[in-house]
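Here the structure is laid out as C-alpha coordinates; the discussion comes afterwards.
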Amino acid sequence: MNARATALLRFCALPLLLSLLCALLQALHATPLLQYQRGAILHGQYWRLLSGNFVHLGWGHLAHDLVGLWLIWALFGHALSARGWVALLLWDGLAIGLGLLACSPAVHWYVGISAILYGMFTVGCLANVRARPWYAGLLLAGMLALIAWSNLHGPLAAEDWGMDGPVLPIAHLYGATGAALFMLARWSCNSRRTAPHAGAR
(Lines of atoms letter the chains of each structure in order from A; the text may use other names.)
(Lines give C-alpha, C1' and ligand atoms only; values in the text may rest on other atoms or scores of the structure.)
Protein backbone atom coordinates (compact mmCIF):
# COMPACT_ATOMS: atom_id res chain seq x y z
CA MET A 1 0.00 0.00 0.00
CA ASN A 2 1.49 3.34 -1.06
CA ALA A 3 1.68 6.43 1.11
CA ARG A 4 -1.32 8.12 -0.52
CA ALA A 5 -3.58 5.11 0.06
CA THR A 6 -2.39 4.82 3.65
CA ALA A 7 -3.11 8.49 4.28
CA LEU A 8 -6.59 8.15 2.75
CA LEU A 9 -7.34 5.10 4.89
CA ARG A 10 -6.27 6.93 8.03
CA PHE A 11 -8.37 9.94 7.07
CA CYS A 12 -11.47 7.80 6.48
CA ALA A 13 -10.99 5.44 9.44
CA LEU A 14 -13.21 7.26 11.92
CA PRO A 15 -16.29 7.81 9.70
CA LEU A 16 -15.88 4.27 8.38
CA LEU A 17 -15.86 2.81 11.90
CA LEU A 18 -18.80 5.00 12.88
CA SER A 19 -20.74 3.91 9.79
CA LEU A 20 -20.03 0.25 10.55
CA LEU A 21 -21.07 0.69 14.19
CA CYS A 22 -24.40 2.25 13.23
CA ALA A 23 -25.00 -0.40 10.56
CA LEU A 24 -24.20 -3.19 13.01
CA LEU A 25 -26.59 -1.79 15.62
CA GLN A 26 -29.28 -1.52 12.93
CA ALA A 27 -28.70 -5.12 11.80
CA LEU A 28 -28.90 -6.30 15.42
CA HIS A 29 -32.23 -4.45 15.92
CA ALA A 30 -30.67 -2.69 18.92
CA THR A 31 -32.88 0.41 18.71
CA PRO A 32 -35.36 -0.60 21.46
CA LEU A 33 -32.50 -1.24 23.90
CA LEU A 34 -30.42 1.84 23.07
CA GLN A 35 -32.74 4.64 21.89
CA TYR A 36 -33.28 7.76 23.97
CA GLN A 37 -36.39 7.08 26.08
CA ARG A 38 -37.16 9.68 28.69
CA GLY A 39 -39.06 7.35 31.00
CA ALA A 40 -36.37 4.66 30.89
CA ILE A 41 -33.61 7.19 31.58
CA LEU A 42 -35.48 8.57 34.58
CA HIS A 43 -35.65 4.99 35.87
CA GLY A 44 -31.88 4.54 35.71
CA GLN A 45 -31.07 3.52 32.11
CA TYR A 46 -28.59 6.36 31.72
CA TRP A 47 -26.70 4.85 28.78
CA ARG A 48 -29.61 5.87 26.56
CA LEU A 49 -28.52 9.52 26.88
CA LEU A 50 -25.56 8.71 24.61
CA SER A 51 -26.48 5.50 22.80
CA GLY A 52 -29.68 6.91 21.32
CA ASN A 53 -27.55 8.94 18.92
CA PHE A 54 -26.15 5.83 17.25
CA VAL A 55 -29.32 3.84 16.51
CA HIS A 56 -31.89 4.57 13.81
CA LEU A 57 -35.52 3.96 12.91
CA GLY A 58 -34.65 1.96 9.81
CA TRP A 59 -32.18 1.54 6.98
CA GLY A 60 -33.56 4.58 5.16
CA HIS A 61 -32.97 6.77 8.22
CA LEU A 62 -29.47 5.34 8.61
CA ALA A 63 -28.61 5.90 4.93
CA HIS A 64 -29.83 9.50 5.17
CA ASP A 65 -27.58 10.17 8.17
CA LEU A 66 -24.54 8.41 6.72
CA VAL A 67 -24.71 10.48 3.55
CA GLY A 68 -24.57 13.54 5.79
CA LEU A 69 -21.69 12.09 7.80
CA TRP A 70 -19.50 11.51 4.76
CA LEU A 71 -20.29 14.90 3.22
CA ILE A 72 -19.35 16.67 6.46
CA TRP A 73 -16.21 14.57 6.74
CA ALA A 74 -15.18 15.49 3.20
CA LEU A 75 -15.55 19.16 4.12
CA PHE A 76 -14.13 19.19 7.63
CA GLY A 77 -12.43 15.89 8.41
CA HIS A 78 -9.08 17.61 8.91
CA ALA A 79 -10.50 20.15 11.39
CA LEU A 80 -9.64 17.98 14.42
CA SER A 81 -7.41 15.04 15.20
CA ALA A 82 -8.98 11.59 15.44
CA ARG A 83 -8.85 11.90 19.23
CA GLY A 84 -10.54 15.29 19.03
CA TRP A 85 -13.37 13.93 16.89
CA VAL A 86 -13.93 11.00 19.24
CA ALA A 87 -14.06 13.43 22.17
CA LEU A 88 -16.62 15.51 20.27
CA LEU A 89 -18.79 12.48 19.52
CA LEU A 90 -18.95 11.56 23.20
CA TRP A 91 -19.34 15.15 24.47
CA ASP A 92 -21.97 16.13 21.93
CA GLY A 93 -23.89 12.88 22.24
CA LEU A 94 -24.23 13.44 25.97
CA ALA A 95 -25.05 17.12 25.45
CA ILE A 96 -27.91 16.17 23.14
CA GLY A 97 -29.28 13.57 25.53
CA LEU A 98 -28.99 15.86 28.55
CA GLY A 99 -30.49 18.75 26.59
CA LEU A 100 -33.53 16.67 25.69
CA LEU A 101 -33.86 15.40 29.25
CA ALA A 102 -33.53 18.79 30.94
CA CYS A 103 -35.11 21.17 28.44
CA SER A 104 -37.53 19.11 26.32
CA PRO A 105 -39.76 17.11 28.67
CA ALA A 106 -42.33 16.65 25.91
CA VAL A 107 -39.83 14.59 23.87
CA HIS A 108 -40.28 11.00 25.01
CA TRP A 109 -38.01 9.27 22.50
CA TYR A 110 -35.28 10.08 19.99
CA VAL A 111 -32.89 8.21 17.71
CA GLY A 112 -30.30 9.06 15.08
CA ILE A 113 -26.90 10.63 14.60
CA SER A 114 -28.19 13.71 12.78
CA ALA A 115 -27.90 15.99 15.82
CA ILE A 116 -24.25 14.97 16.23
CA LEU A 117 -23.78 15.76 12.53
CA TYR A 118 -24.94 19.30 13.23
CA GLY A 119 -22.35 19.38 15.98
CA MET A 120 -19.63 18.15 13.63
CA PHE A 121 -20.59 20.79 11.08
CA THR A 122 -20.47 23.47 13.77
CA VAL A 123 -17.00 22.36 14.87
CA GLY A 124 -15.79 22.32 11.27
CA CYS A 125 -16.99 25.87 10.72
CA LEU A 126 -15.56 27.19 13.98
CA ALA A 127 -12.21 25.47 13.39
CA ASN A 128 -11.93 27.26 10.04
CA VAL A 129 -13.25 30.65 11.08
CA ARG A 130 -9.80 32.24 11.43
CA ALA A 131 -8.22 30.79 8.30
CA ARG A 132 -11.30 31.18 6.05
CA PRO A 133 -13.69 33.54 7.84
CA TRP A 134 -16.07 34.21 4.94
CA TYR A 135 -16.34 30.55 3.96
CA ALA A 136 -16.79 29.32 7.52
CA GLY A 137 -19.04 32.22 8.48
CA LEU A 138 -21.42 31.72 5.56
CA LEU A 139 -21.68 27.98 6.18
CA LEU A 140 -22.28 28.54 9.89
CA ALA A 141 -24.90 31.21 9.20
CA GLY A 142 -26.68 28.91 6.76
CA MET A 143 -26.76 26.09 9.29
CA LEU A 144 -28.08 28.37 12.03
CA ALA A 145 -30.77 29.67 9.67
CA LEU A 146 -31.80 26.10 8.87
CA ILE A 147 -31.98 25.19 12.57
CA ALA A 148 -34.03 28.30 13.34
CA TRP A 149 -36.43 27.71 10.43
CA SER A 150 -36.87 24.03 11.30
CA ASN A 151 -37.64 24.79 14.93
CA LEU A 152 -40.07 27.59 14.09
CA HIS A 153 -41.79 26.21 10.99
CA GLY A 154 -40.91 22.51 10.83
CA PRO A 155 -38.23 20.67 8.83
CA LEU A 156 -37.68 21.27 5.13
CA ALA A 157 -38.71 18.58 2.65
CA ALA A 158 -35.05 17.71 2.00
CA GLU A 159 -34.57 16.92 5.69
CA ASP A 160 -37.40 14.37 5.52
CA TRP A 161 -35.98 12.59 2.47
CA GLY A 162 -35.45 8.88 3.11
CA MET A 163 -36.59 9.15 6.71
CA ASP A 164 -38.61 6.47 8.46
CA GLY A 165 -40.12 8.86 11.01
CA PRO A 166 -40.37 12.50 12.11
CA VAL A 167 -37.40 14.87 12.30
CA LEU A 168 -36.71 16.45 15.71
CA PRO A 169 -35.22 19.92 15.03
CA ILE A 170 -34.70 20.76 18.71
CA ALA A 171 -32.12 17.95 18.92
CA HIS A 172 -30.19 19.62 16.10
CA LEU A 173 -30.11 22.82 18.14
CA TYR A 174 -28.70 20.92 21.12
CA GLY A 175 -26.11 19.27 18.87
CA ALA A 176 -24.90 22.60 17.51
CA THR A 177 -24.90 24.19 20.97
CA GLY A 178 -22.98 21.32 22.53
CA ALA A 179 -20.37 21.51 19.77
CA ALA A 180 -19.97 25.27 20.22
CA LEU A 181 -19.34 24.71 23.94
CA PHE A 182 -16.85 21.98 23.03
CA MET A 183 -14.89 24.39 20.85
CA LEU A 184 -15.00 27.11 23.50
CA ALA A 185 -13.55 24.64 26.00
CA ARG A 186 -10.79 23.67 23.55
CA TRP A 187 -9.90 27.28 22.82
CA SER A 188 -9.83 28.06 26.54
CA CYS A 189 -7.51 25.13 27.26
CA ASN A 190 -5.23 26.03 24.35
CA SER A 191 -5.00 29.67 25.44
CA ARG A 192 -4.02 28.61 28.95
CA ARG A 193 -1.29 26.35 27.61
CA THR A 194 0.18 29.06 25.41
CA ALA A 195 -0.16 31.93 27.92
CA PRO A 196 3.12 32.89 29.68
CA HIS A 197 3.30 31.70 33.27
CA ALA A 198 3.36 34.32 36.00
CA GLY A 199 6.85 34.85 37.31
CA ALA A 200 8.49 32.96 34.45
CA ARG A 201 12.14 33.85 33.82
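Including glycine, each Cβ sits where the backbone N, Cα and C put it.
Computed from a predicted structure; not experimentally measured.
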Stretch carrying transmembrane segment according to TrEMBL (options 7-25, 83-101): 83-101
Chain residues in Cβ proximity to the transmembrane segment (54-76) (below 8 Å; excluding those fewer than six residues from its ends, i.e. six or more beyond): 12, 14-15, 18-19, 21-23, 25-26, 30-31, 34-35, 93, 111-114, 117, 120-121, 123-125, 127-128, 161-165
Tertiary contacts of the transmembrane segment (107-127) (same chain, 6+ residues out, Cβ under 8 Å): 18, 22, 31, 35-39, 52-57, 61, 64-65, 68-69, 72-73, 75-76, 79-80, 85, 88-89, 92-93, 95-96, 100, 136-137, 139-140, 143, 147, 167-168, 170-176, 178-180, 182-183
